[in-house]
Amino acid sequence: MSAKKPMALVILDGYGHRETQADNAITNANTPVLDGLMANQPNTLISASGMDVGLPDGQMGNSEVGHTNIGAGRVVYQDLTRITKAISDGEFQQNETLVNAIDKAVKAGKAVHIMGLMSPGGVHSHEDHIYAAVEMAAARGAEKIYLHCFLDGRDTPPRSAENSLKNFQELFAKLGKGRIASLVGRYYAMDRDNNWERVQKAYDLMTEAKAEFTFATAVEGLEAAYAREENDEFVQATEIKAEGEESAAIVDGDAVIFMNYRADRARQITRTFVPSFDGFTRNVFPAIDFVMLTQYAADIPLLCAFAPASLENTYGEWLSKEGKTQLRISETEKYAHVTFFFNGGIEDEFEGEERQLVASPKVATYDLQPEMSAPELTEKLVAAIKSGKYDAIVCNFPNCDMVGHTGVYDATVKAVESLDECIGKVVEAIKEVDGQLLITADHGNAEMMIDPETGGVHTAHTNLPVPLIYVGSKAIEFKEGGKLSDLAPTMLALTDTAIPAEMSGEVLFK
C-alpha cells in the first residue's frame, strides 16, 4: 500500500490575532517560522467567538465549543442561542410540539400555562424566550394565558425581579388577555437535590393555587416578600389573583409549557407532572399536555419542543465512513478536546481512528515550564506525518492557552517561542511527504495579557479572531469572513473528499 499524504490540522490553543502590540505575547515573541508562513503562505483570519460558534453575541470562545464547531463542520448552537435564533427566524413560532399543545387547549377553551425562571440571566432560561411564548399563545388565540414565575436572584442580583415582572404585566396589558398567576423563588421550584418538600410548594401553587400569600399584582407580591426579608431566590409561594378573577390553577385539558432550557434544575419539578412520580403525594394530578422546551432527561415521558441536536457526520465520523485513517494527538490538557469534543461528544474512536496522548508536565503552574510537553508532542507528530499511515491528523498544542491562563507575560512569550520551533519541524515533515497542513486556533488568549479596561492581568480567553495558515502544494487563495465550522469542509475539499450534507460550513478557498 502506498504511503498516505496526510491532511494535518494543528490547533494552537489560545493563539489569537490582535493588531495592538502592547501586552501581546504573540506579536512580541521571536517567531521566525510563523512570521515566514504569514508572509509567504496563504493565510486569513477566522472568527472563533460569539454567534459564529453558537455562543451569544460578543461572548469569548472556549476550547470545548471551539473543537466541537471545528469537528462538526457546522455552527453548533448552545441551547440559549439555539432558542434565541429559532425565535428570531420564526422556527419557534412554528414548532410543531408547541403549536399542537397550544392549539389543542385553545380549541377546548382551556388555559395555556407558561412556567419558567423569569430572568435575563441566560443560565437556565431567558425571559425573552418566555416573552415570545406568551406572544405565541396569544397569537394562536389563547384567551387564558397564565404565567407562573420562578424568581432568580442567583444568576442575577438578589433583588432584581421587579423589572421583569413589570415588563410582563405591561405585555399582558398590551395583549388585553392573560396574567401573571404565581410567584415562587427558584429555591423551591428549581431544587436539584431531592428536597421534595420544597418542590411540592411550587407544584401545589401551580396545580391547586395553594399559597402562603395572595396579592392582586405580581409587584405587590414581590414587595411583600422583600418586606419579609425574602430575596428573589427564596420568595415563598404567592398566588397572584385580583378580586373577581378566576383561579389560575392547572386543570385537566390545559397546556403547560416549561420554558427553562437547562436540564439540571428543571428535572425535578417536571417529574412531578409524570404519572409514575412518587416523590410526594399529589393532592391533584391534572391530565394535561406538558411540553419541555428541551429534553431534561431521556427517561421523562413528556413532550419536548427542541430535541437534543445530534451531530451526524462530523469530520471524524465522515472520514471513517469514507474508509480513511486518522490520528488525534495532544497533551493531557487538551486530549479530550481533540477526541471527545472534536467527535461531537462521542467518547469512542471511530473505525480507522487512532489516538496518542502525551502527558502534560507535572508542575504547579505552567508558567514554570512554558514549553510544556511540546517537544515530545512534536516528535510524535512528526513521526506520524512521516509514517504514511494516516489520511488525516488533528493535533492540539495547549501552550498559549494554558500558560496564558497563568497571566505571566514572560512565560507566555516563551511558550509562543517554543511553539514556533515546533511548527518549523512540523512544516518540514509535511513538505517532505507532500502532505497538507492547516494551522489555526480554537480561540484567543495569549495575544492579550493585560486587560485594557482595568490595567490588571488578563488571564481569560478573548473574542478576537484567530489565524488560519495553509502549507501544501495547492495554489489556493482564502476567502474572508470564515469561522471555525468552515475548517472541516475546507479540509475535505483540500483532499478531494466529498462533503456530507450535514456540514453547513463553507469551503474557505476560492
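Backbone N, Cα and C atoms are what each Cβ position is placed from, and that goes for glycine too.
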According to Swiss-Prot, which candidate in His113, His124, His126 joins Arg154, Asp155, Arg186, Arg192, Arg262, Ala263, Asp264, Arg265, Lys334 at the substrate site: His124
Site of maximum Cβ density within 10 Å, from binding-site residues His124, Arg265, His405, His443, His461: His443
Residue with minimal Cβ packing [other Cβ atoms within 10 Å] among the binding-site residues Asp13, Asp155, Asp401, Asp442: Asp155
Asp442 (Mn(2+) 2 binding site) in three-state DSSP notation: coil
Non-site residues, in chain order, whose CB comes within 8 A of the mean position of the CB atoms of Asp401, His405, His461 at Mn(2+) 1: Asp13, Gly14, Ser63, Cys400, Met402, Gly404, His443, Asn445, Ala446, Thr459, Ala460
Assigned conformation of Ala263 (substrate binding site) - DSSP reduced to three states: coil
Rounded Cα-Cα span from Asp13 (Mn(2+) 2 binding site) to Arg265 (substrate binding site), Å: 33
Inter-residue C-alpha distance, His405 (Mn(2+) 1 binding site) and His443 (Mn(2+) 2 binding site) (nearest angstrom): 13
Cα-nearest neighbour of Asp13 (Mn(2+) 2 binding site) within the listed recorded positions, Ser63, His124, Asp155, Ala263: Ser63
